[in-house]
Amino acid sequence: MNKKEIIVSGIQPTGNLHIGNYLGAVKKWVELQNSGKYEMYIFIADLHALTGKMTADELRTQINKTCAELLAAGIDPKKTTFFVQSHIQEHAELAWIFNCVTPINELERMTQYKDKVAQFKNATAGLFTYPILQAADILLYHGDLVPVGQDQIQHVELTRDTARWFNNKYEQYFPETKHLLTPTPKIMSLLEPNKKMSKSLGQDHVIELSDEPEIIENKIKKAVTATEGGGVAPGVANLLVLIKEFGDQKTYEKFIQMEKDKTIRYGDLKKELGEAVGKYFSNFRTERAKLLRDEKKLTKIMSVGTKKAKKVAEKTMIDIRKIIGLK
Ligand code: ADP
Ligand code: TRP
């Protein structure tokens with residue numbers, strides 16, 4: 001029998017999941033997991049989150065929340081090796097080794113790094129070497145495929161390069177990792193629809209999966225739809241993508257037709273979309289609340305995942321130490 005392809009992906013515990021994360025990554029993770037065709041590793045990237053500004057208490061709380069949210073969204077620890085990055089020390093060790101094969105100028109090209117450095121005074125070295133840790137996350141488990149949103153493509157490409165630099169310097173060991181996108185790899189902000197929907201823009205720019213229906217409806221009501229120039233305005237296009245994903249096919253087709261005929265009323269689109277999103281995540285909200293009341297269960301799930309991941313990570317590092325000449 002052919003070996004199953006290996007899928008690796010992660011998410012930082014920096015805030016509640018929003019529909020951009022869901023449509024760009026998490027929904028796909030669950031589909032791939034349930035297809036039974038892959039060996040899956042999904043983790044909470046808490047070491048990456050240290051490059052941000054959270055306090056220790058905030059980080060602690062958010063790791064639990066992210067764990068509960070991913071489970072509520074459908075990650076099944078029986079089918080997926082699901083764990084917290086920092087529980088497996090090999091991530092940091094492999095990252096150091098990759099530091100020593102990665103040219104500085106390749107890191108200087110990374111757009112996420114350039115954006116962040118422009119935002120922060122006194123940017124840390126962690127922001128600069130962030131993609132190296134990401135390469136270690138993926139290659140520690142020999143990841144073939146990495147399902148992520150559009151903004152992460154460059155980091156997955158760097159992972160592929162890192163594998164090549166390593167393989168060329170030492171011997172053929174790591175696979176050629178590829179990214180995997182959903183049909184909706186870039187959901188836009190509700191208020192600034194020319195920017196990616198992101199936690200960092202602020203509450204009213206994003207719809208969180210845990211938002212109550214009234215909140216969702218209010219946020220969508222305020223979404224920008226104004227047309228600039230000809231064609232479909234970016235804000236409208238974004239709402240149409242969302243109704244396609246969260247509403248039924250007929251409703252979607254109805255609004256597409258009305259947009260073409262120029263009879264569309266954005267108030268109606270927003271109303272139906274708000275209701276559809278609230279309904280879509282109703283089970284998610286219940287499940288999330290249940291899990292958050294059961295911290296013991298979350299801890300147990302994480303420790304089982306750690307054990308499974310640790311076995312693979314340890315084996316990789318035994319190989320690597322030998323290959324690179326460490327005693
Ligand atoms: P944020 O930008 O809100 O901090 P993250 O960087 O934590 O989100 O992203 C986690 C995952 O969700 C990544 O795979 C990322 O590519 C994906 N993602 C984030 N925002 C979006 C978006 N607006 N549209 C599609 N995918 C997204
Ligand atoms: N950098 C990713 C993000 O911000 C999170 C991440 C860390 C990741 N390590 C990873 C994603 C490995 C895929 C694979 O979304």
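Note that Cβ sites are derived from N, Cα and C of the backbone, with glycine treated the same way.
Sequence annotations record features per position, and here TrEMBL assigns ATP binding site to Gln12, Pro13, Thr14, Gly20, Asn21, Gly149, Gln150, Asp151, Ile187, Lys196, Met197, Ser198, Lys199, Ser200. In sequence order, Gly24, Leu181, Pro185, Lys186, Lys196 make up the list of same-chain residues 6 or more apart from Gln150 (ATP binding site) whose Cβ falls under 8 Å from its Cβ.
Tertiary neighbourhood of the motif ''HIGH' region' (13-21): same-chain residues 44-46, 49, 52, 54, 59, 62-63, 65-66, 69-70, 73, 149, 186-187, 196-199, 206-210, 242, 277, selected by CB-CB distance under 8 Å and a gap of 6+ residues from either end. Residues or ranges marked as motif ''HIGH' region' by TrEMBL: 13-21.
According to TrEMBL, the L-tryptophan binding site annotation covers Asp137. Sequence-distant neighbours of Asp137 (L-tryptophan binding site) (same chain, six or more apart, CB under 8 Å from its CB) are Val8, Gly10, Phe43, Ala45, Gln85, His91, listed in sequence order.
Averaged over the motif ''KMSKS' region' (196-200), the predicted model reaches a pLDDT of 94. What TrEMBL records for 196-200 is motif ''KMSKS' region'.
For Met197 (ATP binding site), the number of other Cβ atoms no farther than 10 Å from its own Cβ, over all displayed protein chains, is 24.
Taken residue by residue, the motif ''HIGH' region' (13-21) breaks down under DSSP into 3 helix, 1 strand, 5 coil.
In this structure, the binding-site residues that sit close to ligand 2, with a C-beta under 6 angstroms from any of its atoms, are Gln12, chosen from Gln12, Thr14, Asn21.
Residues Gln12, Pro13, Thr14, Gly20, Asn21, Gly149, Gln150, Asp151, Ile187, Lys196, Met197, Ser198, Lys199, Ser200, recorded as binding ATP, reach a greatest CA to CA spacing of 19 Å. Secondary structure from DSSP puts Lys199 (ATP binding site) in a helix. There are 19 other Cβ atoms within 10 Å of the Cβ belonging to Thr14 (ATP binding site). Other Cβ atoms within 10 Å of the Cβ of Lys199 (ATP binding site), summed over all protein chains shown, number 17.
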